Amino acid sequence: MSSHALLVLFGSQTGSAQDTAERIGRQAQRRHMRVRLEALDSYNVANLISESLVVFVCATTGQGDPPDNMKKFWRFLFRKSLPADSLCRLDCAVLGLGDSSYPKFNFVAKKLHKRLLLLGANMLLPVGLADDQHDLGPDGVIDPWLISFWQKTLSLYPPPAGLAPLREEEKLPPRYVFHFLDEVTDKQTEHLQTPPTPLQPFPARVVFNQRVTHPSHFQDVRHIELDITGSNIQYSAGDVVMMRPCNAAEDVEQFCQLLKLDPERYFTLTPTDSIPARLPQPCSVRFLVEQFLDISAVPRRSFFEVLATFASNELERDKLLEFSSAQGQDALHSYCNRPRRTALEVLADFPHTTVELSIDYLLDLFPEIQPRSFSIASSLLQHPNRIQILVAVVKYKSMLFKPRKGLCSSWLASLDPSTGNVYVPLWVKKGSLSFPQDPDTPVIMVGPGTGVAPFRSAIQERAAQGKMANVLFFGCRSESKDFYCRSEWEEKVQAGQMILVTAFSRDQVRHFNMIHLQEEKIYVQHRVKEQSKLLWDLIAKKNAFFYIAGSAKQMPASVCDALKEVFQKEGGMSENQAQEMLDAMEKAKRFQSETWS
């Protein structure tokens, strides 16, 4: 083993950056280099001045924000009091994971790279900007970046003489060793406790779980209410509720059958570093598989890298090595990503390898189930001790026989309070939307579909505070099928607490043009243009705030274009001036958006 040590620090929101960091860690081990992996906020950042070699792997979230497990590090690193040569002994590199369909593409990685340079660090190579939109996905950038990184690193930190790197198909030692117990006396450790944090969420009882779309509508959307009495949870409009879903009972059963595991057996772990904080000790196989291992996600390339090391069947080994190679990414995409094949289904497809899989490697093979976030759709001022959410249940067909299902939305939809008490372990965090305190400042909200959730919270809160200048643009397919919260909006309009503008995209009358029959679909952006006089008056004369929430596909950009057209038409502006006005609003937090893919 080399005397040199590599530190890999990651900031990860959905698990992708952590997965990439773990991949770099395995590559270091294969090159006989000592390696440590840590989330940025778990690392004592004051020690950075004494490190010699560090790779930072970081995602960008929301509107150019650092991930949750990087925020403390971020604040420390941008202190003005840090001397300019603080990191002059540090060799490092930054790899960013982002999506170029968002305006602040890889903003965190770019900013971190610049800040490290300002603090005197020696950057081994240019910042890597991996992109979900790349033809080969993020690996289209990560693969060549890592080749350059290792060439540079091994020239500065050569491995011990005569030691060749381990081949990809050779097993690395597992991070954990399982010790099964014959009997367990203390089984109470798995119960969820308060106060609500990611490690100790609050078990909120499901009060109701109602479908709010018409039975004939293709999309099942749920309005769910959760009881948070005794949790000490406080929230305001724009905040989000976080929860970790459970795997479906039939998936847990199939997984245990494939790996010949008894779900009722208990085990303890011997770690090479530290035990995952969410796993109780002792822990049951059922808890591990149901609540921790992400067995129903589409597996990443790293899954195939680890699985290939167990394959003795030649056909299966060749296929697994192809899927884990740079050249095999098109084939992997066709096999896994396009049909949304799950990790559990992959295990079933490779039966010879699955049988040989050692349980010690389960935590190397499967990532932890990541928390999901939902915009809170209620206000404590109208619904004390309650959190309400709107959930679109994800279910669709792919080329595979079994329909694809979203893990969290399907789990939530299955929770039926009429069968007895059912609970959702949750915690709350600040969202990216914030609303003005001044009671006279108008608020304009564009929230089609479930994007209306944070605005329902805002309207309830503002109405209870006597803030009546609320304008909501709501869009859906059909007035009779997916018009969420209709009676509530009508009551609030009657009470003078809001103005409602609707767009029902599939309710238009077919009209005949010279070529063929077609439907004229009306979306929220069309209504924004129609309401140009009202919007200009509110924005230009009354300093209104403007918000967008919903799907990140075409809608946000279309609404922005419509708003700029309003500025041009009513304000007599050029295209550039309209863009400058929108930019100025965004800088002043008078224009905010929260979108998701």
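Using the three backbone atoms N, Cα and C, a Cβ is placed for every residue, glycine included.
Among the features that TrEMBL reports, signal peptide is placed at 1-17. Annotation comment: TrEMBL describes 6-150 as domain 'Flavodoxin-like'. Positions annotated as FMN binding site by TrEMBL: 59-62, 97-106, Asp132. Taken from TrEMBL, the feature domain 'FAD-binding FR-type' covers 199-436. Residues or ranges marked as FAD binding site in TrEMBL: Arg340, Arg372, Ser373, Phe374, Ser375, Gly406, Leu407, Cys408, Ser409, Trp596. The NADP(+) binding site feature in TrEMBL is assigned to Thr450, Ser505, Arg506, Lys521, Ile522, Tyr523, Val524, Gln525.
Positions of the features from TrEMBL, shown on the structure.
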residue : record               : Cβ contacts under 8 Å, 6 or more apart
Ala59   : FMN binding site     : Gly11, Ser12, Gln13, Thr14, Ser16, Ala17, Pro67, Gly96, Leu97, Gly98, Val108
Asp132  : FMN binding site     : Gly98, Asp99, Ser100, Ser101, Pro138
Arg340  : FAD binding site     : Val298, Ser398, Leu400, Arg404
Leu407  : FAD binding site     : Pro245, Asn247, Asp294, Ser296, Ala297, Ile369
Ser409  : FAD binding site     : Arg222, Val391, Ala392, Val393, Val394
Tyr523  : NADP(+) binding site : Pro448, Gly475, Ala503, Ser505, Met555, Ser558
Gln525  : NADP(+) binding site : Met555, Ser558, Val559, Asp561, Ala562
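Counting other Cβ atoms within 10 Å of each Cβ, the binding-site residues Leu97, Ile522, Val524 show the lowest value at Ile522. Just so you know, the Cβ of Thr61 (FMN binding site) picks up 21 other Cβ atoms within 10 Å once every protein chain is counted. Cα of Val524 (NADP(+) binding site) to Cα of Ser375 (FAD binding site): a span of 20 Å. Between the alpha carbons (Cα) of Ile522 (NADP(+) binding site) and Phe105 (FMN binding site) lies a span of roughly 30 Å. Cα of Arg506 (NADP(+) binding site) to Cα of Ser373 (FAD binding site): a distance of 29 Å. Counting only the Cα atoms, the space from Ser375 (FAD binding site) to Thr450 (NADP(+) binding site) is about 9 angstrom. In this view, the densest Cβ surroundings among the binding-site residues Ser101, Ser375, Ser505 belong to Ser375, judged by other Cβ atoms lying within 10 Å. The two recorded residues, Thr61 (FMN binding site) and Thr450 (NADP(+) binding site), show a Cα separation of 20 Å.
Ranking the binding-site residues Pro103, Phe105, Ser373 by Cα distance from Lys521 (NADP(+) binding site) puts Pro103 first.
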